[in-house]
Amino acid sequence: MAKVRVYELAKEFGVESKVVLATLKEMGEFVRSASSTVEPPVIRRLKDKFPTEGGAASRPAPAVKPGPRLPQGARPGPAPAARPQAPAPAQPAPPQPAPAAASTPAPAPAPAPRPAEPAANPAPAAPPAFQAPAPAPAERPAAAQRPAAPAPQRPAPAGRPSTPPVSGGPGQGPRPGARPGGPGAPGARPGAPGAGGPGARRPGPGDRPERSERPDRGDRPQGDRPRSDRPQGERQQGDRPQGDRPGRPGAPGGAPRPGAGAPRPGNNPFAPSQGMPRSQGDRPGGAPRPGNNPFASNQGMPRPQGGPRPTPAGPGGPRPGGPRPNPGMMPARPTVGRPGAGPGAGRPGAPGRGGPGGARGGAGGGFAGRPGGPSAGGGGGGFAGRPGGGGGGPRGNRGGTQGAFGRAGGRPVRGRKSKRAKRQEYEAMQAPAVGGVSVRHGDGTTVLRIRRGASLSDFAERIDADPAALVTILFHLGEMATATQSLDEDTFQLLGGELGYVIEVVSPEDEERELLAGFSIDLDAELEAEGDDDLSARPPVVTVMGHVDHGKTKLLDAIRSSDVVAKEAGGITQHIGAYQVVKEHEGIERPITFIDTPGHEAFTAMRARGAKVTDIAILVVAADDGVMPQTIEALNHAQAADVPIVVAVNKVDKEGANPDKVRQQLTEYNLVAEEYGGDTMFVDVSARQGTGLDSLLEAVLLTADASLDLRANSDKDARGIAIEGNLDKGRGPVATVLVQSGTLHVGDAIVAGTGYGRVRAMLDENGDAVQEATPSRPVQVLGLTSVPGAGDTFLVAPDDRTARQIAEKREAQERNAALAKARKRITLEDFTKALQQGKVETLNLILKGDGAGSVEALEDALFKIDVGDEVELRVIDRGVGAVTKNNVNLAVASNAIIIGFNVRPEQQTKEYADREGVDIRFYSVIYAAIEDVEASLKGLLKPEFEEVQLGTAEVREIFRSSKFGNIAGTLVRSGLIRRNSKARVLRRGVVHGDNLTIESLRRFKDDATEVREGYECGIGLGSYNDLQVDDVIETYEMQEKPRG
C-alpha cells in the first residue's frame, strides 16, 4: 500500500507544501521535506485541520463552468476586459481560459461582428472572477483547450485538417493548425477558440461573420505582439521563419506584413523600442512602448488603425508557420505562465485590464492569433498566438526574452531561495553546536514520540537533522552507536535531554493501535459502536492462580474429571491450559471457561497474562502451607487487572490443615471473607477427594452474575488473544486462542502475532473438531505460518493480503524492539577496559521448547541470573519445536550451547551435532535448566583472589650483613611466618614497605621453611633495608575466592 507524500496532500488540500509542513510540525509530526511520506493516522488528523481547503481543492471554481451561453459570447461586440485570475504557478495552464469563462455573463449588445468597437463598460461579474481560485488545468473548460477541427458548433468547411499542436510549453492548449484547403478557410478570429487572447470564445453558427467581411477590416494591426509581456506558460517557438506569408484565398491578395524588413518586435529585451510598430500617429500621451516595462502604468497594445491583414499560405505553398519546432529550439528553462490574463491581456475590441503587479491595461486589447501564424503570449494586450504557428521569440536560436523584465509567474529562478529555505538556513546557523556539529535544538518541552527499537535515522527524520550529526553528538556523550542501529529508551532519553526534547517511547499497545489504523481497523471504535441489541451473554473466563504445589491443576482435573498433572514433567504446570466445563446452575446449563496458569516463580509473565484475559480469578491456597510468595504475586496480578477474586482453600483434608489461618492471612491483603464481614467468597475444597467443587463453581457463577456484565458481540469478525502456542510435528504451528468477541470460523483469514494464514481446522480441549468458536471459547487453531507468542492478539483480517502485511509489520516492530533490548550499551570507559582486559567472556545459548510460553519463561529466568559484568549471557536464537539442523549450524558458527526444553532432536540431527562437537542439553523441568546455566556462567568467570593473613613478627634487633643486607631478628607474635610469602612492614600502624617477599628465613643458623607463633627467627627481605626495632612484619598470601 503506497504511502502518501506531503506534496500530494498539499495538492489535495489546495495549499502549498510549506503550509502542510508547518501544520505537521505544530502537530508534533516532524517530516523532512515535501517528498516525505506520512502515515495514515497522521493523514486523518491532518485532514481534520484542512476540512474546507481539501474540499475546495477537489472542486473546480464555479466561475469557470461552461454554460449554454457559449455561442452568445462569440459575438465580437463590446465585452468586458480580461479579468486577471489568481495564478497557479505550479500547474501548467492553457492560454487564458479563465477570462473566457468569466466573460460569459456579459451579453453582446450588437449582433454585428464589429471588433473595432471598444468595450467601454466591463461587466459587473469581473470582481468575483478575480477572486475565484484558478482551477486545475484538467478542470478548466476553456475554449483554448478544445481543438478547433472537431468542434460541432462551427460550420467548418470540408477538408479542414486538424494539425496537432506544437508543444511549446506546459501551458499551451491544443491549437488548430493551418488550413491549407479551400477558399475562405477561416483562421482564428477574435473570440475563436484556440486563440491566445484572453477573451477568446467559440462563436455560434449564427454569430459568425461572413468571410466577405474580412477584407473590410482594415483596422487590424499587422504583426505580432511583443514577447516581453507574454505569460511564462506560453509556448516558445524557437527560430521558426517569421517572414511574409502568401495570401489567403478570399483575402485581398496576400498583403505583406508591415515592417517585414525590420527586426521582429520583442526580439531584443534591451532594445529601446519594444512591441509592435505604430500604424498611425503618436501613442497617446507619448507614453513608452506598451509591454516594455511590467511596472509601467500603461500595459497592453494600442489598436493601430488601417493596413491589410496578413493571411496564411494557400494550398500548395510552403508550410505556414515555419518548420516544426524541436527540442533545440526550446528555451533553456521554460516556466509555467499565468493561466488567465497576463498584464494587460485584453479581449479583442476591449481595453486591456491590468495584470499582477499593479499594471493597468493598455488602450485596447489585441486580436486573437491566426492559425498558422506565430504564437504570441497571452499577456500585454497584443495579438494572441496563432495556433499551430511559430513562436514570437527572437530569431537565431538565441532563446526567449521571458524573465528579462520580471516574471509573470512560475517557479523562482534557480539560485533564489524560498522563505522556507532561508528560514531553515537561519535556524541551522542559530543551532547550538555539540561536538562540532550543529543540530536544531528543542525548547525543552517539545515532545517526540518514538517507537520501540527506533534508530538514530528515525530520530533525525523527526527533528529534520543529519543522522551523522547525531552519531557525533552521541559519541561525545559517551555512547557509541551507528545511524541504523536500534537503540533503547535510555539512549534516546540521554540524546533528547542534550538536544532539548522530551522523549516518549510509544507503548506496544499504541504501536498496535497505529498499525491497525493503517489498515482501517479500529478496535476501540468497534466497541463504542456496539449497542445493547448487538450484545449477547457469554460464559465467564476464570483463571486459576496460586503458589506452586498448592493443587491448582489437581483442582481443575477434579472439575474436568481428567488427569493433567500426570502429563506435566516434575508434577508442576509449565504451560497455560484452557478448558471449558458445563455447570448446571438454577436449572440452566452454563459453560465456564477455565485457564490454568503455572505457579512457579519463573512463570510470572504467564500469570500476568492469564490475569489480563480473565473475568474472575480463583486464588488457590493450601490450608497447610498458608500464604506463600507466589500466592501474593498472583494476588497482585489479579488486583492489578481489577478482576474479582474467589479464594479456594485447598487440601483441607490433610493433617494439620487450618483454613481459618488462611482467611486471617489474606485479610492483610484486602481479601476479607464474607463470614468476617467482607465481600470475598472463600470456599473450602479438597481436590484429591473431590469435596466442595460444586460450591466453588456456584461461587464463581454468583460472582459473575453479581459484579460482571458478561456480554459480547458474536456477529462480527473474531478478535481475541493467543494463550499458548506450540509446534506440532504433524500439524505444524498450533495456537491455543481465546475468542473475546466475534465468531471465528474455519476458513477465516487470521493474523496472530507474527503468524498469519487461513484457519484450516479448529479443535476443542478434547481434540474434537469444531466449525466455529463463539466468545469466551478456547480452541486450538491450525493453519498459521509461525507459532504466535503467548499473549499475542489475534484478529480476523478482510483478506490474506491484509493479514500478511499486518503480520510482517508486527514482525518488524518486534525485531527492532528485541534488537534494542538485546543491545549492550558500550561506553567509552567500558570499551577501554575491554581493550585492556581482553575479550569479555560470553555464553551463547539457543533455546528450543515445546511451547512459546515455556521458552519465554525460560529466557526470562536465565536473564535474571546475576554473575557480574565479566560474563555475558546471550540468547542468539529461540524457537518452538524440535532441535533442527539449522540450529546446529548456528551453534557451530557462534560457539553456542543448545538447550532443549521438553523437546528432542531427530537422530540425524543428533549425529550431526556430535560430529560438529555441539553441546545439546535437554531438560524437562525448568529448575534444572536454570541451575546448569548458572553453573556454566560461573565457570566462565575469571578467578578472584583475596588476601589471607598468615602471621605477624615483631622486630627485636637488626643484624647488618654485607652479603644479605639488613636482617631482622624477630619474635613471631601470631600465626606463622613462611618462606617466599608476601610481606609488608608496619611502623606504628603505618605501612612503610609493601609488596615485599620473605627471601630468607632462618632459625638460628639453619634454614627454615616456616616458623610458628612464639619462636624467634631471622627474616631477610631482600633489598629492603629500612628496618627499625619495634617494626612489625606482616605476612600474607593471595588465595582464590570462590565465585557465587
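From the backbone N, Cα and C atoms, a Cβ is placed for every residue, glycine too.
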Where Swiss-Prot places region 'G4' among the ranges 650-653, 786-789, 886-889: 650-653
546-553, 658-665 - the one Swiss-Prot records as region 'G1': 546-553
Range among 506-510, 571-575, 711-715 that Swiss-Prot annotates as region 'G2': 571-575
Annotated range (Swiss-Prot: region 'G3') out of 596-599, 740-743, 764-767, 1040-1043: 596-599
DSSP helix/strand/coil residue counts for the region 'G4' (650-653): 0 helix, 1 strand, 3 coil
DSSP-derived helix, strand and coil totals, residue by residue, for the region 'G1' (546-553): 2 helix, 1 strand, 5 coil
